[in-house]
Amino acid sequence: MESYKNLLLLIVLGCGVLQSCAMRAEVYDNNNETCLYADMELQFTIKYETSDKNMSTSSFLLPSNVSTTGSTCGDNTTAPLLKLDFGDGHSFTVNFTHNQTVYHVDVITFVYNTNDSLIFPNASAKGVFTVASKVTMPDLPMDDYYKCVNPEFLIINNVTMKFSNVSVQAYIKDGNVSKQAFECDADTPTTLAPNVTTHAPNVTTHAPNVTTGAPITTPVPTPIPKPETGNYLVKTGNVTCLLADMGLQLNFSTTKNQSGWKVINIVPNDTLTSGTCGIDTSSLKLQENQMMVELVFAVKNSTKFYLNGVNVSISGQFADSNNSLEYWEASIGSSYMCNKNQNFKITDNLFLTTLDLRVQPFNVTDNKFSTAQQCPLDDNSLLIPIIVGAALAGLILIVVIAYVIGRRKTYVGYQTL
């Protein structure tokens, strides 16, 4: 059933059954000359929660029929941007950066819409979700294009992207794509050492379709060093009205082209805590030296709360905010918990990483967290059927072995008189 669903997705998204579904896109400048070129096969695999509280997986390819509206060539002050829109509200974006002699991919962003029932049937959380990653890849000479035939992977939270047969070039001069390729590590052949015995000594061997290079990117923001978990609370008079436990990390860029990323951990012992509590909104404000981080929570339909806004300011360096978020959703009267690292895009220039997160901004009783609603990353419900299945398989094996041994002992045949 799963393979049938994926096959249907390939057909609907514009990929034939017997073809590779490669995507080719070109961006043109004001003179109608090619300034940015991309040719690749890209597979998305996304884990999501269904309305019956089970985890499901959707896997589909970037179709060939994409829109490049919103892409830009870039100039001396603006970096090139490749934006590919496809399907029902999905998009894949690549930001580039450069200096005078080299360039590379800087940030990759993927936006998916769980309202698309074909790709996300029975999804419990409806809406548009964004994941992003800052790329770690070698610098390319300005006149080369990047080539990688073998697969490379990018994993961000619940999203896995598989790239193969990639050809990409930004900063194209005179509208002509370069013929000089910069090959990825995954395409570099492995040569056997001289002291290895083979039928044909000193023959270079290849492992077809095997990824030999490291993953092309590291999720943004990268939790290095690991943020320390702090315990924060907000009071109204002598009554605690907001509780939050978390390790918190900021990753931000002070440039318009999203380059030069900086990482800052919130240090609990050096942080002053304040905030407000209300019926429909509550806030937690963390101040450390010249830095301020404010988390704003809101109520949805009188039944659920969620993280609605994040405001960050660092004196003389950075200031950014977004007050239309929908993260960390849970029922009023409960808390939201996620022990694993989570990366959240706040704006194009600001990302937030949380670790060992637990928060309750409303209806706190006796200075304690209420029952927690866990995030999908912490959901271990799949372990139970796996353990039960393994136990049943072991029991069946024991019964079969006992039966065979019993048959051998009881069969003695005829004896000669």
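Heads up, the Cβ atoms here are built off N, Cα and C, so glycines get one too.
Features as listed in TrEMBL:
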- 1-22: signal peptide (SIGNAL)
- 29-171: domain 'Lysosome-associated membrane glycoprotein 2-like luminal' (DOMAIN)
- C148-C184: disulfide bond (DISULFID)
- 199-223: region 'Disordered' (REGION)
- 227-365: domain 'Lysosome-associated membrane glycoprotein 2-like luminal' (DOMAIN)
- C338-C375: disulfide bond (DISULFID)
- 384-415: domain 'Lysosome-associated membrane glycoprotein 2-like transmembrane' (DOMAIN)
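Here the features listed in TrEMBL are placed on the structure.
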| residue | record | Cβ neighbours (10 Å) |
| --- | --- | --- |
| C148 | disulfide bond | 24 |
| C184 | disulfide bond | 21 |
| C338 | disulfide bond | 21 |
| C375 | disulfide bond | 22 |
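Separation of the C-alpha atoms of C148 (disulfide bond) and C375 (disulfide bond): 35 Å, rounded to the nearest whole number. Spacing of C375 (disulfide bond) relative to C184 (disulfide bond) is 36 Å (Cα to Cα, whole number).
The two recorded residues, C338 (disulfide bond) and C184 (disulfide bond), show a Cα separation of 36 Å.
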